[in-house]
Structures are given as structure tokens and as C-alpha cells.
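Report on one structure; see the data block that follows.
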């Protein structure tokens with residue numbers, strides 16, 4: 001059991017992840033629903049604009065290295081975390097204003113203005129994604145700085161779960177904040193409520209981030225002794241050398257691709273879930289926002305329980321397969337609920353889809369931590385993070401794109417057939433990823449990477 005000190009630290013740092021989860025609900029939930037369902041902006045344009053935040057994930061490596069070199073006030077991580085947080089809170093407000101600007105063009109029936117303003121929204125989300133990278137990458141490094149190897153798994157588990165807590169709380173907060181505007185057919189009331197939400201939410205979120213990180217990072221003047229020459233040499237390996245390490249074991253490239261498939265399939269519904277509730281079940285904005293809470297609660301239970309109940313008994317590979325199977329089965333049920341016009345089945349299946357997603361996510365996280373080198377854990381986890389970020393961003397864009405594509409076959413992007421086709425394709429991807437993850441061998445990976453790392457250092461010393 002973790003100590004009370006470690007648990008308090010984990011919950012405190014988890015506030016940062018909870019804030020990111022809440023922001024995800026507001027951007028990919030409310031903004032997405034308003035544009036696609038209420039203002040009839042083409043789903044592909046909406047998904048492209050909102051998905052742009054993931055396209056700048058390559059900056060994570062650069063921000064991570066910069067935070068290693070930072071000495072501002074004797075701190076390395078905190079200046080980047082707070083600076084990035086201030087930037088993404090400001091950009092969230094700007095994004096909300098731009099969403100309403102796009103909506104105004106859609107209401108006026110000006111297709112050219114919708115396209116132009118959607119491109120501006122995409123630019124805002126590119127900057128927003130850069131700010132997220134600037135803050136979240138040093139935050140991940142901070143988790144390593146403030147724990148030892150024995151404490152780290154417990155800390156990471158709690159902090160990771162808090163991301164899902166943020167999704168649930170963010171969904172509840174948003175639906176209650178919007179209040180009576182959700183039940184109104186007057187879009188001007190909804191627009192007014194959303195405008196107010198985009199002002200209040202960033203202030204609350206930045207305040208929570210201050211509570212989460214201020215005073216946590218130890219000053220460099222009180223830090224550990226300088227690293228040995230070999231340790232410093234390992235830490236200074238460049239990106240090209242990291243790519244060489246990736247190529248040292250074919251299993252790394254294999255896992256990279258399967259992780260992309262799993263992440264892509266897991267988040268393919270993100271851009272279509274709330275519009276599905278509105279188009280097929282005639283739910284209000286508040287009702288569809290609460291769908292994130294149902295999905296999030298299932299995911300939280302899956303993530304929190306899997307590390308205790310499934311992974312120790314079955315191993316991460318077979319646990320990932322279980323997660324893929326459960327997720328796929330209940331995605332089919334989500335599609336069937338629309339055909340049957342059963343809101344109860346829709347919500348029940350959504351909770352259990354979330355549980356399966358949580359099981360699969362926990363298993364993949366365990367594999368990610370196993371597929372690292374002790375000397376370069378940050379490098380490898382950073383690369384896995386790049387895979388996840390780009391796959392998630394592509395999933396957001398592809399979700400809207402596939403909805404528009406299938407809409408062409410079924411006559412309308414808001415038709416039941418278009419949505420069901422996206423869910424069924426997603427189910428197939430998750431099932432396939434679960435099967436492919438059975439072939440991952442972490443022990444063999446460790447041996448091959450250590451050998452390749454020794455070869456790289458020998459070549460560098462000879463040079």
C-alpha cells in the first residue's frame with residue numbers, strides 16, 4: 001500500500017491530469033457537438049480543426065529536452081508546466097470564441113466563411129496543442145523527479161486515473177453550467193451559455209493547476225549529485241540515436257504500429273459519439289455531454305481495477321486482448337441501440353465500452369512501461385507518447401471524415417447508418433489490436449535494446 005504522503009502527492013499532481021481530462025470534454029465534446037449537430041458544420045471540417053491539437057505532438061521531445069536544461073529559479077519543470085498551462089487556458093478561451101464565430105457563419109448560410117473560419121479554428125488548435133505539449137511533457141518528467149522506482153507505479157496509477165476523473169467531473173460541470181440553455185430550442189441561449197463557460201472554465205482550471213504543482217518540484221540546489229559521465233552520455237543521445245534504438249528490435253516497430261492501431265480505434269468515436277446521441281436519439285446538448293461521464297466512469301473502473309485483478313494473473317498481453325474484445329462487443333451494442341431506439345441500451349453499452357477501454361488502456365500502459373530502457377525511459381515513453389498523440393489526432397479527424405464518407409452512402413452524415421458504420425469499424429480495429437498485442441515480449445525487448453545501447457555508446461566513444 002502506498003504511504004499517506006505518496007497518496008496525497010499523487011492526488012495533488014493528479015489535479016493536473018484531471019484538468020486535461022476536463023478540457024478534452026469541453027473541446028471534443030461541447031465544441032464538437034455544437035458545430036456538427038446544432039450548426040450543421042461539415043463533420044470533416046470540424047474534426048480536422050479540433051484534431052489539429054494532436055498534430056504538433058512532435059514538439060514534446062523538444063520541450064522535454066528544454067525542461068532538462070532549464071534553471072529558472074532553480075527549477076526545471078515548473079516554469080514549463082505553468083507557462084504552458086497559462087497559454088493553453090488562454091487559447092481555450094480563444095478557441096471557444098472562434099467556435100462561435102464559425103457557428104455564426106453557419107447560421108448565416110455562408111459556406112465560404114465557414115471554411116475560412118474553420119481554418120482559423122484549426123490554427124488556434126495547433127497553438128493549443130503546442131501549449132499542451134509544453135506543459136504536459138515536463139509534467140511527466142516531474143513525476144519521475146519526485147519519486148523513486150518503488151513509488152512510481154503507485155503514483156502513475158493514481159495520476160492516470162485522475163485523467164478519467166477529470167473527464168467525468170468536466171462532463172458533469174459543463175452540463176450543470178449550461179443548465180436550462182440545454183433544454184431550449186433557442187440557439188442564442190446555448191451560444192450565450194457556451195460563451196460564459198469558455199471564460200469561467202480556464203480560470204478554474206488554471207487555479208487547480210497552480211494547486212497541483214506549486215512547491216512540488218525540489219530546487220536544483222537541493223537536488224541529487226551530478227550524473228556520472230556515462231549516465232550523462234546516455235541522457236544526451238539525440239533523436240537519431242533514439243531511432244536507431246527503435247530499429248534495434250523489430251518488436252519495437254511492431255508495438256509502435258499496434259499501439260497506433262489501438263489508440264486510433266479507441267478514440268475513433270470521440271468525434272461522433274455526442275453527435276450520434278443528438279442525431280439518433282434527439283438528446284439535448286446537456287444530455288450528450290453527460291455521455292462522457294458514463295464512458296468516463298466505465299473507463300475509470302477499468303483502469304483502476306485491471307492493475308489489481310487482471311494484469312497480475314493474466315499478464316498485460318492477454319489483458320489487452322480482453323479489453324479489445326469487451327470494447328468491440330459493446331461498440332456493436334452501441335450501434336444496435338440506435339437501430340432499436342433504446343436509450344437505456346445505449347447508455348448501458350457505453351459504460352461497458354468504457355470499462356473495456358480502461359482494461360485495454362491499463363494493459364497498454366503496462367506494456368509501454370515494460371518496453372523501455374532504465375537509462376532512457378523518458379525517451380522511449382516519449383516516443384510511445386508520440387504514437388498515441390498522432391494516432392488520437394488522426395482518429396479525431398478520421399472519425400469526422402468517415403462519418404461524412406459513410407454519410408455519402410446513406411444520404412446524410414447524421415443518418416443512423418453513417419454513425420453505425422463508424423462504430424462497427426472501430427470495433428474491428430480494437431479486436432484486431434488486442435489480438436496483435438499477444439505477440440509482444442518485453443523481456444526479449446530489454447535484452448536487445450541494452451545490447452544496442454552498448455553498441456551506440458561504443459561507437460560514440462570510438463569517434
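The backbone N, Cα and C atoms fix where each Cβ goes, glycine too.
Per TrEMBL, transmembrane segment is recorded for 39-59 (among others). Using a Cβ-Cβ cut-off under 8 Å and counting only residues 6 or more beyond its ends in the same chain, the transmembrane segment (39-59) has close neighbours at 27-28, 31-32, 102-103, 106-107, 114-115, 118-119, 121-123, 125-126, 128-130, 132-134, 187, 271-272, 275, 385-386, 389-390, 392-401, 403-404, 407, 413.
Residues or ranges marked as transmembrane segment in TrEMBL: 80-106 (among others).
Marked as transmembrane segment by TrEMBL: 118-143 (among others).
According to TrEMBL, the transmembrane segment annotation covers 155-177 (among others).
The transmembrane segment annotation in TrEMBL covers 197-216 (among others). Long-range neighbours of the transmembrane segment (197-216) within the same chain, counting only residues 6 or more positions beyond its ends whose Cβ lies under 8 Å from a Cβ of the stretch, are 9, 12-16, 18-19, 22-23, 26, 30, 78, 81-82, 85-86, 89-90, 92-93, 95-97, 139, 142, 146, 173-174, 177-178.
Look at TrEMBL and you will find 252-273 (among others) tagged as transmembrane segment. Sequence-distant contacts of the transmembrane segment (252-273) (same chain, six or more residues past either end, CB-CB distance under 8 Å): 28, 32, 36, 43, 46-47, 50-51, 245-246, 288, 291-292, 295, 320, 324, 327, 331, 334, 350, 357, 360-361, 364, 367-368, 371, 383-384, 387-388, 390-392, 394-400, 402-403, 419, 422-423, 425-426, 428-430, 432-434, 436-437, 439-440, 445, 449.
Summarising the annotation, TrEMBL assigns transmembrane segment to 293-312 (among others).
According to TrEMBL, the feature transmembrane segment maps to 319-340 (among others).
Summarising the annotation, TrEMBL assigns transmembrane segment to 389-410 (among others). Here the transmembrane segment (389-410) has long-range neighbours at 28, 36, 42-48, 50-55, 57, 60, 259-272, 275, 416-419, 421-422, 425, meaning same-chain residues at least 6 beyond its ends whose C-beta is under 8 angstroms from one of its own.
The transmembrane segment annotation in TrEMBL covers 416-438 (among others).
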